[in-house]
Every structure is written in C-alpha cells, then in structure tokens.
Amino acid sequence: THKLNLTVGIIPSLNVAAGLLGYFLVRTWTAALERFGIVSKPFTKQENTVIQTCVVACYGLAFSGGFGSYMLAMDQKTYELIGTDYPGNRAVDVKNPSLSWMIGFMFVVSFLGLFSLVALRKVMVIDYKLTYPSGTATAMLINSFHTTSGAELAEKQVSCLGKYLSISFIWNCFKWFFSGVGDSCGFDNFPSLGLAAFKNTFYFDFSPTYIGCGLICPHIVNCSTLLGAIISWGFLWPYISTKAGEWYPAGLGSNDFKGLYGYKVFISVSVILGDGIYNLIKIIYATIKEIMNARSKQGRLPLVRVEDDDETSNLSSEEKLLNDVFVKDSIPPWLAGSGYVGLAAISTATVPMMFPQLKWYLVLSAYVVAPLLAFCNSYGTGLTDWNLASTYGKIGLFIFASWVGQHGGVIAGLAACGVMMSIVSTAADLMQDFKTGYLTLSSPRSMFVSQLIGTALGCVIAPLTFWLYWTAFDIGNPDGMFKAPYAVIFREMSILGVEGFSALPQHCLAICSFFFFAAIAINLLRDVTPDSVSKFIPLPMAMAVPFYIGAYFAIDMFVGTVILFVWEKINRKESEDFSGAVASGLICGDGIWSVPSAILSIMRIDPPMCMYFKPSLA
C-alpha cells in the first residue's frame with residue numbers, strides 16, 4: 001500500500017489477497033505441525049475471517065494515515081517544491097515526519113472510526129441489505145476455501161499467487177541491475193513507444209504492480225485512466241506549453257507552480273473535487289431517501305435487534321441463521337457511545353499539542369460532524385464499493401484551512417483532514433468487514449476485537465514501514481520514482497483554502513472551472529443513461545490521476561486490462577478463478593522487493609549498470 005501510495009496514489013482493494021494469504025499461511029503452519037505429529041484443531045472459516053479483518057484494519061491505516069498525502073504535505077521538501085516565494089506557502093507551515101509524533105497521532109485518531117458506527121451494524125447489513133462488494137467477494141472466497149471442492153481450488157489459487165509473486169520479485173531484482181544511479185536509467189525509463197512519446201510520459205515501464213492493478217480494477221477504471229492520460233499529456237499540456245511567455249513566464253523550472261506544473265496540479269484537483277462532490281451529494285441524497293423509506297415502513301430505525309414474527313417467517317432458513325448469528329453477540333450501544341466520547345476527549349486534548357495551529361475547539365467540532373460523514377461514506381461504500389474517505393478529508397481540509405486563515409491555516413487544514421479521513425475510512429472498512437463476517441457466520445464481537453487489534457498494530461507498523469521508505473528513498477522528488485503525487489496536491493489545496501483563487505496562474509481558474517463542471521456532467525450522464533450506455537462512460541476520478549502523474553502507469557494498467565479481456569474471452573471461468581491471485585502475486589512481489597531495495601539503498605549499494613536511451617546521431 002505504501003509503494004502504491006508513494007508512486008501513483010491509486011490503491012486497489014487488497015481484502016481478497018488478505019483472505020487468501022491468511023488461508024495459505026495458516027494451512028502451511030498446520031500442515032507443518034502435522035508432519036511433527038502435532039494435531040491441531042481444523043482451521044475454520046471464522047478464524048480465516050478474523051485474520052483477514054485484522055490485516056485489513058492494519059493495512060488500511062497505510063492509506064488513511066496520509067503517509068502519501070496530508071502527512072507528507074506538511075514536510076520541508078513539499079514546501080520547497082511548491083516554492084518558498086509562492087503566495088500562502090510559509091516556512092512556519094512545515095512539520096517534518098518523525099516516528100514519535102506519527103505513531104502518537106495514529107493512536108489518537110485511528111480508533112474513533114471503529115466506535116462511531118458499530119451500533120448501526122444491524123441497520124447497515126441486515127435492514128438495508130447493503131452489498132459491500134469487496135466484503136461480499138472476500139466472504140465468498142473464504143466460504144469457498146472451507147468446502148472440499150473449494151479447498152482444491154484454493155490450493156491452486158495459492159500456488160498461482162506464489163508463482164506470480166516469485167516472478168514479480170525476480171523480475172524486479174533483474175531490473176535493479178540496470179537501473180544505475182539517478183532516475184533516468186533502466187526499464188523504468190524504457191522508451192517503448194519512441195523518444196517523442198517518452199518525453200510526454202507515454203511509455204510502458206514494465207511494472208508488475210500496475211499490471212496487477214489493471215487485472216484487479218474494472219475495465220472502465222483502466223480505460224478511464226488511459227483516456228485521462230491521452231487528454232492531458234496528449235493534447236492539453238502540449239497546448240499550454242506553447243503559451244509559455246504569454247500565459248506564464250517562459251524558462252521556469254519543470255516543477256514551478258507559476259508555470260505548466262501549476263496547471264497540472266490545479267486541473268487534476270478540480271476534476272477530483274468535481275467527482276467527489278457529485279458522489280457525496282448523490283450518496284447523501286440516497287441515504288436520506290432510504291432512511292425516509294425505512295421510517296415510513298417501520299416507524300423508527302432499529303438500532304438493536306427487532307423481533308418481528310411476520311418478517312422473520314418470510315426469510316429463508318439460511319438467512320435466518322445468518323441474522324441470528326450476527327445479532328447474537330451484541331456490542332452494547334453504551335460501550336460504543338462511551339468509547340467514542342472518551343476517545344474524542346483524549347484526542348481533543350492531545351492533537352493540539354502535536355499541531356498547535358489546530359485549536360481544541362476545531363478538533364471537537366470535527367468529532368461532532370464526523371459520525372454523520374462516516375455514516376454517509378459507509379453507506380456509499382456499501383452501495384458502490386467506492387470509499388470516498390479522501391473526498392471527505394479534502395472537504396474538511398478546505399473548511400478548516402479557511403477557518404484558521406493565514407496564521408497556521410495550512411497545517412491546521414492538513415491535520416483536520418487527517419482527523420476526518422481516519423474516522424470516515426475506518427468506519428467504512430469496519431462495515432465492509434462486518435459484511436464479510438455476516439456471510440461467514442463469524443461473531444461480530446470477535447470481528448470488532450480483531451479490528452481493534454489490527455488498528456493498534458497498524459498504528460505502529462504503518463509509520464515504521466513508511467520510515468523505511470522515507471530513509472531509503474528520495475520521497476517526493478517529482479522526477480524520481482516515489483513522486484508522492486498527493487502530497488503536493490493536498491498542500492496546494494490547503495494553500496487554496498487559505499489564500500483563495502488569487503494564487504492561480506493565468507486562465508487556470510477558467511480551465512479548472514470547465515473541468516470541475518465537466519466531471520459533474522460526466523457523472524450525471526453515467527447516472528441518467530441506461531446501463532448499456534453508462535458502462536462505456538469514463539470515470540472522472542480515474543481520469544484525473546494521470547493528469548498530474550503521467551501516462552506511463554495508465555499504459556501499464558491498460559496492458560493489464562487487455563490481458564484480462566483476452567483471458568475472459570478465451571476462458572472466462574479460469575479468469576474469474578485466477579485473475580485475482582495473479583494480480584495479488586504481481587503486486588505483492590513488487591511490494592516485497594521494495595524491502596531489499598530499501599536496504600540496498602540505505603547501505604549505499606548502487607546498481608552496477610545504467611541502461612539509457614538517446615536518439616542516434618545523423
């Protein structure tokens with residue numbers, strides 16, 4: 001997750017991989033014990049679910065902890081990258097990462113999301129029957145492992161995952177030997193589509209991670225990223241670069257916000273905000289509509305188990321069993337309420353110590369509003385599988401940055417974004433896991449405890465693994481591998497919240513407005529057209545990412561989608577069974593390689609060769 005966060009900022013759901021790896025590790029362990037004559041209890045699907053829940057809670061904090069976004073946006077490098085003379089970008093608004101405050105901040109803000117919605121689990125899962133696609137897929141996978149035929153398939157999936165993990169790891173090891181010193185060598189800079197295309201970031205960079213993302217993400221996401229890359233790097237940026245000296249001063253550095261770089265960041269921000277705000281309004285509307293329907297049917301919202309003989313008699317025996325197990329182990333509402341209030345009080349007292357710009361009453365006001373936003377986000381995730389935590393975080397960022405103003409508004413906005421994002425994201429993950437637990441007949445109390453343990457682990461593991469990257473690599477270098485694109489975007493948003501639109505380059509506001517409303521219009525079009533048409537309309541959020549980062553990863557993801565498309569045509573059953581395992585293997589192998597790569601970098605051991613391309617002379 002850190003690797004993806006610090007390179008492109010797109011993170012596919014790894015819930016299924018967590019379920020598969022949990023099964024693989026425990027089965028390997030029990031098989032090894034049996035060889036020594038130690039007979040252990042059979043490994044059950046409930047245990048598999050609890051392991052998966054703990055892992056998801058832990059890795060989720062690598063994303064919601066803001067290590068590639070709001071936390072990194074506070075550092076000295078991002079401040080310098082935007083420009084020390086840039087309006088609103090002040091030296092006082094800098095807080096560099098350190099393990100002590102990062103771990104402390106994670107512990108203070110990460111648990112609130114778990115307590116905010118736990119009382120509503122029956123409403124979300126049983127009454128509303130929300131699908132939570134990732135949670136349902138994980139449950140189906142775990143259920144299938146623990147049947148006779150499913151166990152055979154699971155063994156094949158595990159060996160497939162292991163095979164592609166090894167291939168990915170060995171390929172990365174091979175690539176390293178040619179990657180030289182600096183950022184212009186090796187397969188990561190291979191001009192596979194020619195040198196002219198390479199200058200505009202159109203090249204295939206042989207990355208197993210992005211190909212794996214292409215296999216996991218739906219076709220429409222991959223095609224949308226490629227379309228976004230073609231619009232921005234194929235047409236828009238080359239056109240704006242011809243206006244150098246007219247719209248903005250000529251001869252500026254490639255990362256100067258007064259030039260082309262400013263357009264790249266602000267236009268991608270406007271598309272992300274347009275998409276986020278549309279989806280937010282849509283989900284809030286759907287939520288209110290559903291609640292009104294539930295009220296008119298039942299007279300009130302059930303927060304605890306409701307005995308209704310007529311209703312339960314219509315349920316199938318299987319559904320009755322699922323419901324009974326899910327409501328049997330209750331988590332008392334008083335525990336959830338007092339837990340939230342107690343943690344909010346601790347957080348309100350301690351967060352201003354870490355960030356003096358964010359006063360205690362600002363933190364408190366965030367915690368008053370957060371449960372409502374957490375409910376909207378969990379509901380939206382249940383309907384669409386689209387976790388909008390970062391959108392809610394950005395809205396909080398704007399509000400608090402403008403509220404505090406010029407004296408510390410940038411840091412206050414970023415810290416408030418962290419507070420909001422943590423609650424909203426962990427609440428959605430919790431409900432996703434409750435859906436998995438519901439379908440695997442797992443005790444909700446066990447799931448909740450597992451979430452608490454996973455979150456506690458994540459509060460330590462996520463900062464430590466980030467620290468490995470931070471000390472070993474040049475994080476945040478826009479010309480390097482670990483661009484950390486969202487660090488710059490989040491800091492710019494915070495400055496925009498404080499300064500208003502005066503900071504934008506010429507004509508940038510007009511172009512941004514066009515893309516903002518275009519994102520809303522495209523989303524509206526997706527919702528009003530029939531499914532046969534809407535499935536071909538691109539997703540603005542996916543289109544926005546390459547605007548800033550470049551086209552190379554969109555090409556890799558498109559290669560993944562083409563492989564999956566051909567595979568589906570040749571053998572749909574096999575592609576459904578194994579595409580997730582292949583993708584997880586490619587992503588995990590690449591992720592695991594980053595550990596020895598970081599160690600080599602820390603020890604100052606450079607690759608022996610630099611493979612470099614230049615035009616042949618006449």
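Every residue gets a Cβ built from N, Cα and C, even glycine.
Feature annotation from TrEMBL assigns transmembrane segment to 6-26 (among others).
Positions annotated as transmembrane segment by TrEMBL: 50-73 (among others).
Per TrEMBL, transmembrane segment is recorded for 99-120 (among others).
Summarising the annotation, TrEMBL assigns transmembrane segment to 220-240 (among others). Panel annotation: around the transmembrane segment (220-240), residues 10, 200-202, 214, 247, 260, 263-264, 267, 535-536, 538-540, 542-547, 550-551, 553-555, 557-558, 560-561 of the same chain, lying at least six beyond its termini, place a Cβ under 8 Å from a Cβ of the stretch.
The transmembrane segment annotation in TrEMBL covers 260-281 (among others). Tertiary neighbourhood of the transmembrane segment (260-281): same-chain residues 232, 236-237, 240-241, 244, 248, 252, 254, 376, 380, 384, 386, 388, 390-392, 394-395, 478, 488-489, 492-493, 496, 504-505, 508, 511-513, 515-520, 523-524, 539-541, 543-545, 547-548, selected by CB-CB distance under 8 Å and a gap of 6+ residues from either end.
Sequence annotations record features per position, and here TrEMBL assigns transmembrane segment to 360-379 (among others).
Annotation source TrEMBL lists transmembrane segment at 410-431 (among others).
The annotation transmembrane segment is assigned in TrEMBL to 452-472 (among others). Among residues of the same chain six or more beyond the transmembrane segment (452-472), those with a C-beta under 8 A of the stretch's C-beta atoms are 2-3, 6, 53-62, 65, 67, 97, 99, 102-103, 106-107, 110-111, 114, 426, 482, 594-595, 597-599, 601-602.
For 508-525 (among others), the entry in TrEMBL reads transmembrane segment.
The annotation transmembrane segment is assigned in TrEMBL to 545-567 (among others).
For the transmembrane segment (410-431), the residues of the chain that approach it from at least six positions outside its boundaries are 56-57, 60-61, 63-66, 69-71, 73-74, 88-90, 93, 95, 105, 109-114, 116-118, 121, 124-125, 130, 132, 135, 347, 351, 354-355, 357-358, 362-363, 366-367, 370-371, 373-375, 377-378, 380-382, 387-390, 392-404, 448, 451, 455, 490-491, 493-495, 497-498, judged by C-beta separation under 8 angstroms. With respect to Cβ pairs under 8 Å, the transmembrane segment (545-567) is most closely packed against 6-26, considering the stretches 6-26, 50-73, 99-120, 360-379. Taking Cβ pairs closer than 8 Å, the transmembrane segment (6-26) reaches residues 43, 47-49, 51-52, 55-56, 59, 63, 67-69, 134-135, 137-138, 141-142, 145, 154, 157-158, 161-162, 209-210, 213, 216-217, 225, 385, 432, 436, 469, 475, 481-486, 542, 545, 549, 553, 580-581, 583-584, 587-588 in its own chain, all 6 or more past its ends. If one looks beyond the transmembrane segment (99-120) by at least 6 residues along the same chain, the residues whose Cβ comes under 8 Å of a Cβ in the stretch are 61, 64-65, 71, 303, 331, 333, 336-337, 339-340, 343-344, 346-347, 350-351, 354, 367, 370-371, 374-375, 378, 418-419, 422-427, 429-431, 448, 451-452, 455-456, 458-460, 462-464, 466-467. Cβ atoms under 8 Å from those of the transmembrane segment (50-73) belong to residues 1-2, 5-6, 9, 11, 14-15, 18-19, 21-22, 26, 97, 102, 106, 110, 138, 142, 389-390, 393, 397, 414-415, 417-418, 421-422, 425-426, 429, 432-433, 436-437, 442, 446-447, 450-455, 457-459, 461-463, 465-466, 475-476, 484-491, 494 of the same chain, restricted to positions at least 6 beyond its ends.
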